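The block underneath contains the structure these notes are about, expressed in structure tokens.
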Amino acid sequence: MPRRPSGGGGGAGPAAAAVRKVPLRKLLRAASVACGVQFGWALQLSLLTPYVQELGIPHAFASLVWLCGPLSGLLVQPLVGHLSDRIAPAASPLGRRRPFIAAGAASIAAAVLTVGFSADLGRIFGDSITPGSTRLGAIIVYLVGFWLLDVGNNATQGPCRAFLADLTENDPRRTRIANAYFSLFMALGNILGYATGAYSGWYKIFPFTVTPSCSISCANLKSAFLLDIIILVVTTCITVASVQEPQSLGSDEADHPSTEQEAFLWELFGSFRYFTLPVWMVLIVTALTWIGWFPFILFDTDWMGREIYRGSPDDPSITQSYHDGVRMGSFGLMLNSVLLGFTSIVLEKLCRKWGAGLVWGVSNILMALCFVAMLVITYVAKNMDYPPSGVPPTGIVIASLVVFTILGAPLAITYSIPYAMAASRVENLGLGQGLAMGILNLAIVIPQVIVSLGSGPWDQLFGGGNAPAFAVAAAASFIGGLVAILGLPRARIASRRRGHR
């Protein structure tokens, strides 16, 4: 529960804390694991919704598979953050956060191997390799791997953001810079991951991935995940070896005995009653933002394959068109990540000039306009005459790629500002940064559960496409933008003196 800050004397006072300020280059290295994690996340976002439909799960139920992510994140990230808060820095050679970062990365590596080889393992369990058949064994293996992958993602990113908050000592400016570094590495991981997903020749480099139960598209997925493991191992090692964690946590955390056994969920949900209005506004805007983002995350490449390229993973006669659309969608997401990276670089200047709340609100309104544009493109494409080859008109493809690209700017803001605002606003409440990130995570995963449960029925109710989910996304994004502009501070956030804790 929150604790009143104490003055604490001695040599480890404010002056000493200022001397021990972590250089920005070390913060940059500490954030590098985001590249490895996001490389796999990009593959997951661009390729796994189409892949699970190839295994036999209908489009209407594909979103339910993604329940694994928010349900695991609902407890895993707050629990990991809580546990890492409770570890004394000197109790582990790697400190408080880095053991969880390393363990989460190991879980991701095991998960992508499981997902990548799910078709082969399903064949061992008796699946048929007849085209169009439902592969129950592969689906079960896939779901286990998918669940483990989301557990690993949550177990890695939460402690990493808390690690950065520890290193910046909750200085608002340095915290925003650290989170911008994190977003920059996420952008780099996205660019590499989506470029990997857009390339169709990985099976030629890893020929052993093609098997009787794993076609060329499956082998490309498998090969991409093997590359993911290599990048993940390298970036995790860089982060873990980047900098020693602070040994002095301040009196508010040092006074907390490691033997105290408060019930985790009680502390998590009990902390809500201490939240001030600005904290609640951050959580509300975060929730609305993710109601906007999650339909796009679920169906971006599927939308390109179905609505733009008029393909389907279920119909062998148009499966190739679907895969062409998925690869074009991956290319669009790569362009999205380029703009995401550029926005991450200039984000600190934007926040200093206009204020974090206004920047966040404007980005949400831009999101809403992009989702409306996707609805317009869907309607136009549906009513156009395509050439006999079935290739969509160039103008439609370019318009789709432009929308995908523009969405990179608000995505960079979503990956940075909410975490920086939460980290700076919970300090006065006396909450550990790990628990703070876990609480913010609740505002992310609960909307994802709502969208995962609702998007399938919405789509079926209105004809089986992706348009209804995007309409909900546009409305939620617009409302979130208005709330951010009206309810979050618009003044520039000045850098605080380090003279108190």
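Note that Cβ sites are derived from N, Cα and C of the backbone, with glycine treated the same way.
Positions annotated as topological domain 'Cytoplasmic' by Swiss-Prot, on the basis of sequence analysis: 1-31 (among others).
For the topological domain 'Cytoplasmic' (77-98), the model gives a mean pLDDT of 70. Positions annotated as topological domain 'Cytoplasmic' by Swiss-Prot, on the basis of sequence analysis: 77-98 (among others).
Beyond the topological domain 'Extracellular' (120-135), the same-chain residues lying 6 or more positions past its ends with a Cβ under 8 Å from any Cβ of the stretch are 55-56, 114, 141-142, 211-214, 314, 316. Annotation comment: Swiss-Prot describes 120-135 (among others) as topological domain 'Extracellular', evidence class sequence analysis.
The topological domain 'Cytoplasmic' annotation in Swiss-Prot covers 157-176 (among others) and rests on sequence analysis.
For 198-222 (among others), the entry in Swiss-Prot reads topological domain 'Extracellular', with the evidence type sequence analysis. Here the topological domain 'Extracellular' (198-222) has, by DSSP, the following mix of helix, strand and coil residues: 15 helix, 2 strand, 8 coil.
The feature topological domain 'Cytoplasmic' is assigned by Swiss-Prot to 244-278 (among others).
If you look up Swiss-Prot, you'll see 300-327 (among others) marked as topological domain 'Extracellular'. Look at the topological domain 'Extracellular' (300-327): DSSP puts its residues at 18 helix, 0 strand, 10 coil.
With helix defined as DSSP H, G or I and strand as E or B, the topological domain 'Cytoplasmic' (349-356) counts 7 helix, 0 strand, 1 coil. Residues annotated as topological domain 'Cytoplasmic' in Swiss-Prot, with sequence analysis given as evidence: 349-356 (among others).
Taking Cβ pairs closer than 8 Å, the topological domain 'Extracellular' (378-394) reaches residues 303, 307-310, 318, 321, 465-467, 470 in its own chain, all 6 or more past its ends. Per Swiss-Prot, the feature topological domain 'Extracellular' maps to 378-394 (among others).
Swiss-Prot lists 416-433 (among others) with the feature topological domain 'Cytoplasmic', giving sequence analysis as the kind of evidence.
The feature topological domain 'Extracellular' is assigned by Swiss-Prot to 455-467 (among others).
According to Swiss-Prot, the feature topological domain 'Cytoplasmic' maps to 489-501 (among others).
If you look up Swiss-Prot, you'll see 32-52 (among others) marked as transmembrane segment. Residues of the same chain lying 6 or more positions beyond the ends of the transmembrane segment (32-52) and with a Cβ under 8 Å from any Cβ of it are 62, 65-66, 101, 105, 108, 112, 115, 139, 142, 146, 149, 153, 156-157, 160, 182-183, 185-190, 192-194, 196-197, 217-218, 221, 224-225, 227-228, 231-236, 238-239, 242, 297-302, 305, 313, 322-323, 326, 329-330, 333, 337.
Per Swiss-Prot, the feature transmembrane segment maps to 56-76 (among others); the stated evidence is sequence analysis.
The transmembrane segment annotation in Swiss-Prot covers 99-119 (among others) and rests on sequence analysis.
Residues or ranges marked as transmembrane segment in Swiss-Prot (evidence: sequence analysis): 136-156 (among others).
Contact between the transmembrane segment (223-243) and the transmembrane segment (279-299) is absent: fewer than three CB pairs lie under 8 Å, with pairs separated by 6 or more positions in sequence. Between the transmembrane segment (395-415) and the stretches 56-76, 136-156, 177-197, the greatest number of Cβ pairs separated by less than 8 Å involves 177-197. Highlighted: of the candidate stretches 56-76, 177-197, 279-299, 357-377, 468-488, 177-197 has the greatest count of Cβ pairs under 8 Å to the transmembrane segment (328-348).
Annotation: stretch 468-488 has the most Cβ pairs under 8 Å to the transmembrane segment (279-299), among 56-76, 136-156, 177-197, 357-377, 468-488.
Counted over residue pairs separated by six or more positions, the transmembrane segment (357-377) shares fewer than 3 Cβ pairs under 8 angstroms with the transmembrane segment (177-197), which leaves the two as not touching.
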